[in-house]
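Colleague: Annotation comment: TrEMBL describes A:23-133 as domain 'PurM-like N-terminal'. Residues or ranges marked as Mg(2+) 3 binding site by TrEMBL: A:Asp25, A:Asp70, A:Asp206. Look at TrEMBL and you will find A:Asp25, A:Ser40, A:Asp70 tagged as Mg(2+) 4 binding site. The annotation Mg(2+) 1 binding site is assigned in TrEMBL to A:Ser41, A:Asp42, A:Asp117. The Mg(2+) 2 binding site annotation in TrEMBL covers A:Asp42, A:Asp70. For A:His49, A:Asp264, A:Phe320, the entry in TrEMBL reads substrate binding site. Positions annotated as ATP binding site by TrEMBL: A:Gly116, A:Asp117, A:Arg141, A:Ser208. According to TrEMBL, the feature domain 'PurM-like C-terminal' maps to A:145-306. Annotation source TrEMBL lists Mg(2+) 5 binding site at A:Asp209.
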2 protein chains.
Amino acid sequence: MGEFDLIARYFTRPVRKAALGVGDDCALIAPAPGMQLAVSSDMLVEGRHFFADVDPEALGHKALAVNLSDLAACGAKPLAFTLALSLPRVDEAWLAGFSRGLLALADAHGCELVGGDTTQGPLNICITVFGEVPTGQALLRCGARPGDDIYVSGTLGDARLALESLLGHIALPAEVLARARQRLERPTPRVALGLALRGVASSAMDVSDGLLGDLSHILKASGVGARIDTSLTTDLIAEKTYSTSASGVFDAKLLHQCTLAGGDDYELAFTAPPARRDAVAAASQASGTPVTRIGTVLAEPGLQLVDAQGQVVENRYASFDHFG
Amino acid sequence: MGEFDLIARYFTRPVRKAALGVGDDCALIAPAPGMQLAVSSDMLVEGRHFFADVDPEALGHKALAVNLSDLAACGAKPLAFTLALSLPRVDEAWLAGFSRGLLALADAHGCELVGGDTTQGPLNICITVFGEVPTGQALLRCGARPGDDIYVSGTLGDARLALESLLGHIALPAEVLARARQRLERPTPRVALGLALRGVASSAMDVSDGLLGDLSHILKASGVGARIDTSLTTDLIAEKTYSTSASGVFDAKLLHQCTLAGGDDYELAFTAPPARRDAVAAASQASGTPVTRIGTVLAEPGLQLVDAQGQVVENRYASFDHFG
């Protein structure tokens, strides 16, 4: 199968919202009047972002999910995406699974595949996603103010727990690994929550490289510091019961590492003034996404970790760096 | 150097046109009222699109040039781009050269780097470019009509000539190779011509995989055929004098191969009604880009090649396929 047949068979579908989709030199899209276009690119590389033997359907899902998560963090509504794909060879079973996972998530979010590129080379998936946001209403990293509450959506750390097990660093019962692995391989982009937080959150970003590292980007961009209650964040791992059971194979240190610096969570971290707690609760409810208040923005720079008694605990949790 | 330092040092600059650039979850851009956004993605892979030892400055230039060429083919004005980069290691000399070549071309076209991604992995460069075009005025592949003239801009075949020499298939004198190699490694996107052809050309695309193969996309999209005069296309190679000299190392067959199916030309192929010949000449003049009329659109499907006497010649020239 040649390049053009491959595109036609797996990646060409009629577009509804875009003016022009796959098959010309460019795709044509137009945000509605009064809207800005939010744009984000993510590149996924074998061995760095996924294992060579990962289920291609899950990989298709994840490749788009990590991009939709960036739109969610800006409060943007998904519109369209381009896919550039480097493949070692044409493997039709792989392509069928990959495109199925990719396009199922795209359909669920009304996000159209409008163009891209395919070539031969080491496996590499680069998606650029486009969303709409009313001009001036995008959620940014720079709006956190001293006194704001700090929130995180959903659960934290289960993706890292699965990764540690798949890397052979820890042993997990099969059913625990199976659940945690879903979080690693099929993350849920928090698009509905991001949209509901427009006009409510003072800042937001998605948690992709670990909570503390990602939060530090908000703090730096906003010129503020923060205090995080680690007794609340450790509660956010879904497999916590297992971790503290008699047969638990991982300790408190690993629990902190997973929840504070795990990576691959694709939850939203955001801030909002205490006066907006009802609005945050309403956004959580409207989007069907649990959110947990985990700390407070401080005027002094730096990230303080405290325990349930408010005692400062040491921050030894490094964030993920793609060149680390 | 970590991922964030690398982005800060080589790829972060203030944006002027975009609402928000590098450093948040998304960039924010907005086409002016009445404008559509033209979007194109290209992925360049070592060994497939460039040699491992290519000058990084030339590679930075080419990576953006091939994307700007897609905008040119649509008649879109460059606005912004994202860069996703997978690097085997952090090589500061390489990064400095690459970003210099990339950003020099970006500046020349007023095209802002607004975001992207960096990761560790086999060298891979994925750029997504955004341009503006007045709604409904984009040059498409589907508008060629029987009787239209067929044109191509600039020169054809020199990039392929250089490639054949670099692959060791032919020998070229150093000065010939040096000139041809400029065409291979530093193509000139025909942005000004594309803009000038809005409202004049009936169809257009850029010649990246070889004239005949790319032209066949226009013919298929438009439901027409074409006759091309190969005595005119062979004239379009800049190094033709050399090829026909006494010391010439390549023959008529190679000359046809380079000009008709060479690849990497990044010229524009386009069609226009004979009544618009003056307008085409004016667009050529206004953009400072030579164009040559090389054939005619026919009602019957198929691509006929003829010689200077109008005799049909066999078409044995295959286009480049990234999985061929």
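Cβ coordinates are placed from backbone N, Cα and C, and glycine is handled just like the others.
I'm curious about the neighbourhood of these features; can you describe it?
Modeller: Shown in sequence order, A:Ala38, A:Ser40, A:Asp42, A:Val129, A:Asp206 are the residues of the chain, 6+ apart in sequence, with a C-beta less than 8 angstroms from the C-beta of A:Asp70 (Mg(2+) 3 binding site). In the three-state DSSP classification, A:Asp70 (Mg(2+) 3 binding site) falls within a helix.
Mapped onto three states, the DSSP output places A:Asp25 (Mg(2+) 3 binding site) in coil.
The 10 Å shell around the Cβ of A:Asp117 (Mg(2+) 1 binding site) contains 24 further Cβ atoms across the protein chains shown.
Taken residue by residue with DSSP, A:His49 (substrate binding site) is part of neither helix nor strand, so it is coil.
In this structure, A:Asp117 (Mg(2+) 1 binding site) is part of a beta strand by DSSP.
Confidence for the domain 'PurM-like C-terminal' (A:145-306), expressed as mean pLDDT, is 91.
Packing around A:Asp209 (Mg(2+) 5 binding site) is summarised by its Cβ count: 21 other Cβ atoms lie within 10 angstroms of its Cβ, all protein chains included.
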Colleague: Once the chains shown are all counted, how many other Cβ atoms turn up within 10 Å of the Cβ of A:Ser41 (Mg(2+) 1 binding site)?
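Modeller: That number is 28.
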Colleague: Using Cβ-Cβ distances, find the residues under 8 Å from A:Gly116 (ATP binding site) that belong to the same chain and are at least 6 apart in sequence, listing them in sequence order.
Modeller: A:Ile7, A:Phe11, A:Val22, A:Thr82, A:Leu83, A:Ala84, A:Leu85
Colleague: Pop the Cα-Cα gap between A:Asp117 (Mg(2+) 1 binding site) and A:His49 (substrate binding site) into the table, whole Å please.
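Modeller: That separation, Cα to Cα, works out to 20 Å.
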Colleague: List the Cα distance (Å, whole number) between A:Asp209 (Mg(2+) 5 binding site) and A:Ser41 (Mg(2+) 1 binding site).
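Modeller: The Cα atom of A:Asp209 (Mg(2+) 5 binding site) is 15 Å away from the Cα atom of A:Ser41 (Mg(2+) 1 binding site).
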Colleague: Considering only CB atoms and a limit under 8 Å, which binding-site residues from A:Ser208, A:Asp209, A:Asp264 lie near chain B?
Modeller: none
Colleague: Are there residues of the same chain, six or more positions away from A:Ser208 (ATP binding site), whose CB falls under 8 angstroms from its CB, and which are they?
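Modeller: Correct list: A:Val66, A:Ser69, A:Asp214, A:Gly263, A:Asp264, A:Asp265, A:Tyr266.
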Colleague: Across all the protein chains here, work out how many other Cβ atoms are within 10 Å of the Cβ of A:Arg141 (ATP binding site).
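Modeller: Here the count is 24.
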Colleague: Tell me the Cβ neighbour count for A:Ser40 (Mg(2+) 4 binding site), meaning other Cβ atoms within 10 Å of its Cβ, over all protein chains shown.
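Modeller: So the Cβ neighbour count for A:Ser40 (Mg(2+) 4 binding site) comes to 29.
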Colleague: Give me the count of other Cβ atoms within 10 A of the Cβ belonging to A:Asp206 (Mg(2+) 3 binding site).
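Modeller: Neighbour count, Cβ to Cβ under the 10 Å cut-off: 27.
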